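> Please find one structure pasted underneath; my questions will follow.
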Amino acid sequence: MATAVAAAGGGGGGEQPRRRKPAPGRGGVVLPAGLSEEEARVRAIAEIVSAMGELSRRGEDVDLNALKSAACRRYGLARAPKLVEMIAAVPEADRAALLPRLRAKPVRTASGIAVVAVMSKPHRCPHIATTGNICVYCPGGPDSDFEYSTQSYTGYEPTSMRAIRARYNPYVQARSRIDQLKRLGHSVDKVEFILMGGTFMSLPADYRDYFIRNLHDALSGHTSANVEEAVCYSEHGAVKCIGMTIETRPDYCLGPHLRQMLSYGCTRLEIGVQSTYEDVARDTNRGHTVAAVADCFCLAKDAGFKVVAHMMPDLPNVGVERDLESFREFFENPAFRADGLKIYPTLVIRGTGLYELWKTGRYRNYPPELLVDIVARILSMVPPWTRVYRVQRDIPMPLVTSGVEKGNLRELALARMEDLGLKCRDVRTREAGIQDIHHKIRPDEVELVRRDYAANEGWETFLSYEDTQQDILIGLLRLRKCGRNVTCPELVGRCSIVRELHVYGTAVPVHGRDADKLQHQGYGTLLMEEAERIARKEHRSKKIAVISGVGTRHYYRKLGYELEGPYMVKCLV
């Protein structure tokens with residue numbers, strides 16, 4: 001054997017040392033001779049991307065998993081290449097064709113925008129000062145077992161962990177999340193911020209200004225001295241802020257608060273309602289009445305904001321029948337009728353007042369199967385103009401003592417609805433982008449649909465372009481004839497307001513165009529023309545206003561609108 005090795009070495013004379021075989025990877029697969037594991041990985045990624053490009057150019061189907069498996073076997077890789085690694089290796093010429101196949105979590109931008117959630121610093125809930133304590137079910141906050149977390153969060157949710165890593169710096173949170181989405185293959189030309197972490201408007205004004213200023217600066221790249229300057233530069237930035245959502249409470253959603261949020265570029269509010277019963281609000285220590293909820297909905301909508309409510313089934317002393325009746329009232333009573341909904345089934349988490357009730361047997365959650373059934377029945381009640389954003393909290397299951405046992409509650413509820421012959425017709429379920437991703441269905445015959453309803457002392461018109469045969473929603477517009485609660489001087493008098501304009505489908509860059517995508521195909525302009533006709537002919541309004549995201553103001557200027565205060569306004573006479 002030694003002689004054979006020497007001969008193979010090609011040298012003369014003495015015995016040559018044995019050549020060591022390449023180290024096998026996990027599973028016993030041997031790396032190609034002379035390649036380190038890192039070099040083998042780079043070659044495997046290049047081979048996968050090259051094969052994808054070739055198949056795409058020939059118009060053949062691309063089986064990404066098969067290509068990855070073959071490359072891993074050939075190069076003896078212990079771990080398959082990540083999507084982020086493959087996205088970085090795609091040549092510029094092939095990016096348009098290959099990125100949709102490589103995009104991680106495509107649902108992130110299926111609604112046409114990239115959502116960036118950020119958190120303010122930990123602070124105490126404001127109603128401790130008036131009620132002496134927080135809500136009985138609320139975890140987190142500086143006084144809780146999760147002391148470095150914000151109020152109502154544990155610090156272990158994905159958004160919380162990103163915020164903690166950034167030490168709650170708003171600029172770092174926003175910039176790192178945008179860069180992460182970009183690495184995952186998403187278009188981040190259009191960004192919507194969601195401000196989480198408790199009641200933002202209860203924080204000191206100077207901190208709020210610092211936080212908002214840095215969010216806008218993260219998009220524009222400019223270092224601003226104040227919010228007004230930051231908003232101005234953000235309007236012209238390459239990455240557009242098309243909307244901003246702020247979490248608040250009814251007692252921090254009054255006229256002065258609304259005016260301040262408009263100056264920040266805020267377009268949507270998330271308001272904690274939890275229950276439509278006064279006794280439940282009192283027993284759970286909410287610190288406000290249900291009547292206050294109805295009042296703040298009126299004020300918010302008459303200022304043009306979109307309103308998303310948080311509701312909690314399975315609260316103490318409620319029961320199945322009252323829970324279902326509560327949601328029925330929420331959808332049918334004009335005093336509520338929010339534009340969006342987050343359903344948060346009650347969770348028992350250590351350190352809360354509810355945990356103490358659970359320990360002593362004074363509170364028990366619904367059994368898992370019953371909860372799925374209740375959520376299914378709630379989803380069947382949702383009107384077609386309401387969007388269900390979430391169906392459960394993002395709190396990791398190991399931290400939940402009692403309550404929801406599965407992380408896919410929406411999926412289970414939709415399956416139960418199918419068994420019961422029920423259908424969910426909320427906005428999210430019918431969105432074109434969601435339908436394309438989940439069911440590979442694309443709209444065919446598109447028509448304009450109009451729905452009118454009374455809500456919060458005003459006249460609401462929900463305009464949409466839909467494929468009514470397949471029940472697919474392409475775009476929507478929310479138009480309101482304001483009631484008597486107008487607090488903004490720009491809206492006083494005979495004025496109608498567009499509270500939302502949104503065309504669905506995978507995000508397309510602001511100045512881009514893609515014949516295969518639904519955005520930038522003229523649906524938004526058609527919806528605005530119909531809204532102007534209704535405002536002029538039916539509302540008898542003299543002008544129409546739009547609550548516009550800072551980055552979308554140029555779009556409305558092209559349609560003849562001008563900036564007036566925080567709104568884009570057009571005269572109709």
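Glycine residues also receive a Cβ, built from the backbone N, Cα and C atoms like all the rest.
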> Among 1-31, 249-279, 528-558, where does Swiss-Prot put the label region 'Disordered'?
1-31
> Do me a favour and check the Cα-Cα span between CYS135 ([4Fe-4S] cluster binding site) and TYR556 (acetyl-CoA binding site); whole Å is fine.
42
> Take the Cβ of CYS135 ([4Fe-4S] cluster binding site) and count every other Cβ within 10 Å, whichever protein chain it belongs to.
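If we count other Cβ atoms within 10 Å of CYS135 ([4Fe-4S] cluster binding site), we arrive at 23.
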> At the Cα level, what's the spacing in Å between TYR556 (acetyl-CoA binding site) and CYS138 ([4Fe-4S] cluster binding site), rounded?
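It is 41 Å, counting Cα to Cα.
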> With every protein chain in view, how many other Cβ atoms are within 10 Å of the Cβ of CYS125 ([4Fe-4S] cluster binding site)?
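Around CYS125 ([4Fe-4S] cluster binding site), other Cβ atoms within 10 Å: 23.
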> Where CYS138 ([4Fe-4S] cluster binding site) and LYS190 (acetyl-CoA binding site) are concerned, what is their Cα separation in Å, rounded?
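Cα-Cα, rounded: 33 Å.
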